[in-house]
Amino acid sequence: MENKKPDTTINVGDYLVVQRQGYTKLHKLKNHGNLILGSFTVEMDNIIGEKYFDTFQMKNMPGSRRFYILEKVDEVNTATGSLNIEQSGADNRNIPNNAESQGLTKEDIDKLKGEELSSNNIVEQLINNSKTFSMKTEYSQEKYIKKKEKKYFEYIQIRRPSIRLLSQMFYRQDPTKTMGIRIDDLSQILTYANIHPEGNHLLYDSGTSGLMPAAIMNAIGSNTTGSLIHMHPGNECQKNAFVAMQFPQEQSDRCVNVNLYSVLRCFYQSKETFSFKNDSLEKPSDIATKTSETEGSESENRVMETSAVSEDTAEPSAKKPRIEENSQKRQWQLDNEKACRILKNKVDCLIITAKEHPVNIVKELLQFLSGGRSFVVFSLLKEPLQDLYFYLKSRVDIIYIRLSTNFMRNYQVLPDRTHPEVNMNTGGYILTGFKLAY
Amino acid sequence: MSFDGYKNVIKEGDTVILYLTITQVYCIKAEPKTVNKKGNFIENVFQTPYGALKCADLIGKHYGSKITLSKGWGYVLQPTPELWTITLPHRTQIIYTPDISMIILQLELCPGSIVIESGTGSGSLSHALIRAVKPHGHLYTFDFHEIRAETARDEFEDHGLTSYVTVNNKDVCESGFGDDLNNKADAVFLDLPHPWLVIPHTIKSIKDTGGRLCSFSPCIEQVQKSCLMLLKLGFQEIQTVEVLQTQYAVQQRSLPLLNLEFLKNEKDGSECEKKERETFKTITSIPPASLPGHTGYLTFATLPPIWARNLQISLNQNDINNVE
Ligand SMILES: C[S@@+](CC[C@H](N)C(=O)[O-])C[C@H]1O[C@@H](n2cnc3c(N)ncnc32)[C@H](O)[C@@H]1O
C-alpha cells in the first residue's frame, strides 16, 4: 500500500475509473473479476499489467452473447470518422413527423451486437435501414451518428481515480451521492477552508460517498504533517471515494474517522482518558499498536466499510503487543481519544457538509476552531444557511459571514457550432466566515 | 512573511488583512516605517473610514483580534490566498476565487505537484497555486513584462513563499517554458492573449506520464482557437466551463399586509379605528443589484501519457475532419 502514484501499471487491487465515451464507472480490479457496463458484462483480466490511459476494445467472448473480453488497441475506428455519407438534405422540410423510420428491429440489433460489437458496423446498418437518414441535414446526420455511436461504442479507457474524476462521476450518476455537492461547490469549499498541508482540519460530513474526506486529505497531501478529523453521523462512515484514491498508508492514517456523538461524549465525559498525552499528533508507534478491533457490536462502533480498509487495520495485528484483555481498547475508542487530543488543542479549519440543519452542529463544533481561522458550511438548501447566518451574527466572535451560490455552465466548442450545453443544473449554497481570537 | 502556513501572532513585516466591514477589507504591512513619495522614511499610518491606524501597533497582536481605531474598530486576519485576491494591488486584470477554485481542482493539484503558470500578472492565482502544491511541490510562473515579474518575485519573497516559486521573465509564446522544465510539469495554466500559440510548447514541459492544462480566456474566439489546437495535439477531455458566483445579502424583511376584508361590508365606523399595522416578516437572501455576468471561459484538457498520445491524436483527427 505504499505510495502508488508514480506507478503507471494497472495492478490487481487497484481502484480504476473506467471511461466509455462520456460515461465513467469506478471499479476495483480483482483477478477474474467482471464489470457491468450498461447492458454489457465485461471480463477485466486482460487489463492487468497494462498501463493507465490505455484503450481497450470490448470483444464478444466466443460462444457467449452477453459476455465481453477486452483487447488492448493502438487504433480506434469510430463511426463518425470512417463513414462515408453520400447524401444529405438542405433542411428538414421532407422529414415526416412520426413515421416508423428505422427498418431494423431491436432483435436485429441485438443479433448484430452478439455477432460482433462494432459501433461502426451497427451505425452503418442503422443508417442503411433508415428511411429518413439521407433526408436529414448534415448537422442532424452527425448528431444521429454521435448518439448511436455512443450507445454501441466498443472502446473503454482505464484511468486512475482523481478527485476531479470522482466528483464528476458521482454527480453524473446521482447528485445525492455527494449530497448535491457539484464540482464547483467542492472546489470552493476547499479553497475557502484554506486547507494547508500542515495543521489540523475538522470535517463534519453527513454523507458524500467519502468525497469530502478524500478531497481534504488529497489537499493535505502525502508526506506532510496535516491531519483531518472526519466526524460522521452513522455507525460507519462512507468511504467510497476515500478508498478509491488509494492514499499511501501514512496519509490515510492521518484521517481519523469518528462518530459525531461518540467523539463528543468522549470529549465531555472521558477527559481523563484522552488528556494524558498532550501532543496533538500521534507518534507512528502509537498507530501500530492500534489494531483491528472492529467486530464490536456497540451501536456507536465504527465498522470499516470496505475490505481495503479493514486489511489496513488488520495488518499489524501479528505484531500486536499483548495487553491485558480488559484494558485493551477498541479501535473506535482509540480513534475517539486521538481525535479528542487534537480537538483539545484546537483545529485550524472547520468544514461542515450537512444534510441536517447546520445551526446546532456549527454551534457545537465552532468551539474547536482556533481564533483567526475560517470555516465553511455547505447546504443544498438556502434557508438553513440563512438561519445560520443570523445565529452567527448574534455571536460576537464571528466576522466576514458570506453566503453564496454558483452558476456553472459548460460549453460545446466547435467551429461554427459553439454554444452553451443544452442541459444545466443547479448547485448548493456555501456559507463562510472567520472566527475571532479572544 | 505571513503566508506560509497557519500563524497566530503578527510579526514585524507581516502582511495583515484589516477587516472593517464586508465591503471594506484591506491589506496593510505591520511595519513601523514606510517610504513616502519623496523617498523618505515616515511613520506607517493607514487611514481608514473609522480613523487612523498606526501599523507599528499591530506587531505582537493575535491574528483574529479586534483593534481599536480612533472612530471605531476593526479586526486583523492572517492573509489567505482568498483574502489576498480581494485586497492585492492590481497590476493587471486578475482571476478571482470562484475561477481559481475550479482551476485548482481541475488541474488536480496537490502537495508535491509541479505547476507552470503564465502570465504571472498580479499574482492573484499564484498564491493559491502555491498553497495547493507546497511544501514539496513548486510553481514556475512566467511573465514577459519585466517589472511585473520583478514585483511578483519581491512579493513572494516578502510573503515568505520564495522556496515554493520561481518567477521567470520570458515570452512564452516565442520559446515556451525552457528546456529546464522538459518533462517536469503535472499541470500548466495559461492566462494570456494567445494561448493557442503557447499550447504546443506545453507538450514538452508536461511529464511523459501526462498532465492537465487550463486556459482562461475572456473571449469565445480565443477559446475556439485553443480548443482546435488542443484537439490537433492529442489532448483529451477538452472541456470549457464558466463559473459565476452570486453573493447574497441575508436580510429580514417586513412587508405590510393590506386588509381588504372590511370593504365587503357597509361602513360601521370600525374601519376608522386606529388599528395596528399588520406586517409579514420573512428572511430572505438578496443578490446584489448588479453583479459580474462574465469573467472568462475556463478550458480544461488532459494530455495523455506518451504511450496513449498517438491513439488520441487519431481519435481527435476524426473530430476535426468532421467539422472541416
Ligand atoms: C491578465 S494577466 C494574468 C493575471 C493573473 N492570472 C492573476 O490572477 O493575477 C496576463 C499576464 O500575462 C502576461 N503575458 C501576456 N503574454 C505573455 C507572453 N507571451 N509571455 C509571457 N507573459 C505574457 C502579461 O504581461 C500579463 O501580466
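Heads up, the Cβ atoms here are built off N, Cα and C, so glycines get one too.
When the candidates B:Asp14, B:Asp57, B:Asp143, B:Asp208 are compared with the S-adenosyl-L-methionine site entry in TrEMBL, which names B:Ser122, B:Gly123, B:Ser124, B:Leu125, B:Asp171, B:Asp191, the shared residue is B:Asp143. Annotation for B:Gly123 (S-adenosyl-L-methionine binding site): spatial neighbours B:Leu88, B:Thr141, B:Ala152, B:Glu155, B:Phe156, criterion Cβ-Cβ under 8 Å with sequence separation of six or more. In this record, S-adenosyl-L-methionine is bound by B:Ser122, B:Gly123, B:Ser124, B:Leu125, B:Asp143, B:Asp171, B:Asp191; the longest C-alpha to C-alpha distance in that set is 20 Å. All chains included, 25 other C-beta atoms sit within 10 angstroms of the C-beta of B:Ser124 (S-adenosyl-L-methionine binding site). The Cβ of B:Asp143 (S-adenosyl-L-methionine binding site) lies under 8 Å from the Cβ of B:Ser118, B:Gly119, B:Thr120, B:Gly121, B:Ala149, B:Ala152, B:Val167, B:Asn168, B:Asn169, B:Lys170, each on the same chain and at least six residues away in sequence.
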